[in-house]
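Each remark here refers to the structure printed beneath this line.
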Amino acid sequence: MTILTHTLGFPRVGLRRELKKAQESYWAGNSTREALLAVGRELRARHWEQQKQAGIDLLPVGDFAWYDHVLTTSLLLGNVPARHQNNDGSVDIDTLFRIGRGRAPTGEPAAAAEMTKWFNTNYHYIVPEFSKGQQFRLTWTQLLEEVDEALALGHKIKPVLLGPVTYLWLGKVKGEPFDRLTLLKDILPVYQHVLAELAKRGIEWVQIDELALVLELPQAWLDAFKPAYDALAGQVKLLLTTYFEGVTPNLDTIIALPAQGLHVDLIHGKDDVAELHQRLPVDWLLSAGLINGRNVWRADLTEKYAQINALVGKRALWVASSCSLLHSPIDLSVETRLDTEVKSWFAFALQKCGELALLRDALNSGETAALEEWSAPIQARRHSRRVHNAAVEKRLAAITAQDSQRENPYEVRAEAQRARFKLPAWPTTTIGSFPQTTEIRGLRLDFKKGNLDANNYRTGIAEHIKQAIIEQERLGLDVLVHGEAERNDMVEYFGEHLDGFVFTQNGWVQSYGSRCVKPPVVIGDISRPAPITVEWAKYAQSLTDKPVKGMLTGPVTILCWSFPREDVTRETIAKQIALALRDEVADLEAAGIGIIQIDEPALREGLPLRRSDWDAYLEWGVEAFRINAAVAKDETQIHTHMCYCEFNDIMDSIVALDADVITIETSRSDMELLESFEAFDYPNEIGPGVYDIHSPNVPSVEWIEALLKKAAQRIPAQRLWVNPDCGLKTRGWPETRAALANMVKAAHNLRQAK
């Protein structure tokens, strides 16, 4: 039985972010739909060929998405919210963009669908909306068209589908409450139709992603798998695909299904390969996810070989990435500025494909010399002086309980803060960033390339900060921000100023839609050699009598949005970052900054997928935040910001953060998230986001007032703040001014209505 290689998916955006540029050009009206579609075709063809050349035997098709693969599945099923539908009932790419963004070059603008995190990653998906009695039909044939493309190019392929049970699990009911699982019988005919079309094209295997099978599901959902897959069986071979966790707890459900193979994540799961082999049906193929799709580290292939070699010849076996390579940058070979030693520790998506090919060849032949050669830099790294810092390790070991305690409880601090700031009712603020204009990006790029000296760069940044303060004072905001003109990314900026991180030139990964991020890589112990944000915060405060917030990214978010080390625990990394940023809080306070925001949007996304593992994570995650913040005096107000979150199941931990003010993203969920805070009787102040910054639509004063009144039904008005959902970095100034003016007006109206 010859072992084959495959990947579960490949990065979509292109090495130079070609997809992002084509999307944004099309949205802005600067290019045609045909030009956008052509870029997609070119990227798919290139990526298939690159994977093939790197040694992948079965290429994934259907992993490409114009915005997000869950949204693609919604269109496949004809699940289009009424507000986004075309008058004639047709579905096109602008339908997709209206659902994701709220607007597109054609069609009427409408509220974008809710967006949330894809399991415990920093990728986002558009949440499917379900209503009672909903009908489904095949309306979007993107998958079939891409299969035809790949077949025409002569590739051996494996189409990828999001499974029906997981699709329903990821969605939300809108309107009259009902059990969305009852829709399963209605979407299965569409899946049957798609599988029949694939069978007509000679497809042998289909990868069907059922990530819900790694979760602690209610019994009714587990019971739904058998009848669903009984309905889907028989047309093609189904590779039941799971990742991000192990499957052993749900293995009884899995082995009862009429599938022909199972993919397991052997990186993030705790599954025992021998047990899987023993319990799986003898005729099932096992796809072993041995290469980590979520990081940038070179794999120890000798270790991977030892892990799986015992199964060679005993059952059909494929070797694969643990999950889609969507979460990894594309190609390490173009990183020309990385230190040679550090570069030898890494592998990006194409290199991971090469790792799979090396592993396949060794397993098929029994020859392991190439694996040992590939793995040599990993052994060298364990002893590198770039990894270990004795002073950091000593400070970490000396942490005590007192280091995570503010001087006094919230009630005492709140009195001191009210006396200091004298803010009005319904105080208005923003979350931190202002539009990153072409001028700002050009300024940073010129400085980075050496075309601008430090003095001229600083003068330019200072001018943009000054303009941000002027804009906010004109608008009448109560608590200001400096706008973050000097920051390229909320995590990358801090990583650039902390020892223990390195950066790539082209290490882009998709976050959502056209948004890409370039995560820093944690290669060693973390420390702060000098203040990071103090200079610009102090300058901004000198320009106004109103309070200006200091802006920090919190330790858990920096951890979650970086590629972490694999030789120490995530807890260790988070606490090292917390200690470094604790010193930053102290320095901001000493510089006269009275309000300091520590953003933790990733706190919930870092949760383990199984609830039984949550407590340990939340304990150290909360402790890291408190270590970061607890150095602040009573009269210093600590804010935190979170987004895309469901809070009801972690409210104990949200309260335990002990932030004086929390701002959250609520507008897309129509203030639904506040139910958690109301039910828990959240004791501190809260700023529910009143408009969606991910959409270019400008909210009306009436819309914002209505949301705030709804918020005041759940949270006492004297503890409410008024703010957008998130930072304004990706928006333009015209819509930003208009939206903030309406937000301030709504707050003033509510003050006068008291």
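Here the Cβ of each residue, glycine as well, is placed from N, Cα and C on the backbone.
According to Swiss-Prot:
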| type | residues | note |
| --- | --- | --- |
| BINDING | Arg17, Glu18, Leu19, Lys20, Lys117, Arg515, Cys516, Trp561, Glu605 | 5-methyltetrahydropteroyltri-L-glutamate binding site |
| BINDING | Ile431, Gly432, Ser433, Glu484, Asp599 | L-homocysteine binding site |
| BINDING | Ile431, Gly432, Ser433, Glu484, Asp599 | L-methionine binding site |
| BINDING | His641, Cys643, Glu665, Cys726 | Zn(2+) binding site |
| ACT_SITE | His694 | active site, proton donor |
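Projection of Swiss-Prot feature records onto the structure.
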residue: Arg17; record: 5-methyltetrahydropteroyltri-L-glutamate binding site; DSSP class: coil
residue: Ile431; record: L-homocysteine binding site; DSSP class: coil
residue: Glu484; record: L-homocysteine binding site; DSSP class: coil
residue: Asp599; record: L-homocysteine binding site; DSSP class: strand
residue: Glu605; record: 5-methyltetrahydropteroyltri-L-glutamate binding site; DSSP class: coil
residue: Glu665; record: Zn(2+) binding site; DSSP class: coil
residue: His694; record: active site, proton donor; DSSP class: coil
residue: Cys726; record: Zn(2+) binding site; DSSP class: coil
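Annotation: His641 carries the greatest number of neighbouring Cβ atoms among the binding-site residues Arg17, Lys117, His641 [cut-off 10 Å, Cβ to Cβ]. Around Cys643 (Zn(2+) binding site), the C-beta neighbours below 8 angstroms that are at least 6 residues distant in the chain are Pro601, Ile664, Glu665, Gly689, Asp725, Cys726. Taking a C-beta cut-off of under 8 angstroms and a sequence separation of 6 or more, Gly432 (L-homocysteine binding site) has the following same-chain neighbours: Val481, Glu484, Met490, Lys549, Met551, Gln597, Asp599, His641, Gly727.
Annotation for Ser433 (L-homocysteine binding site): spatial neighbours Val481, Gly483, Glu484, Arg487, Met490, Gly727, Leu728, Lys729, criterion Cβ-Cβ under 8 Å with sequence separation of six or more. Other Cβ atoms within 10 Å of the Cβ of Glu484 (L-homocysteine binding site), summed over all protein chains shown, number 24. Of all the binding-site residues listed here (Leu19, Ile431, Cys516, Cys726), the one with the fewest other CB atoms within 10 A of its own CB is Cys516. Mapped onto three states, the DSSP output places Cys643 (Zn(2+) binding site) in coil. In the structure as shown, the Cβ atom of His694 (active site, proton donor) sits within 10 Å of 22 other Cβ atoms. Straight-line distance linking the Cα atoms of Arg17 (5-methyltetrahydropteroyltri-L-glutamate binding site) and Ile431 (L-homocysteine binding site), rounded to a whole number, equals 27 Å. Packing around Asp599 (L-homocysteine binding site) is summarised by its Cβ count: 25 other Cβ atoms lie within 10 angstroms of its Cβ, all protein chains included. Among the residues Ile431, Gly432, Ser433, Glu484, Asp599 said to bind L-homocysteine, no two Cα atoms are farther apart than 14 Å.
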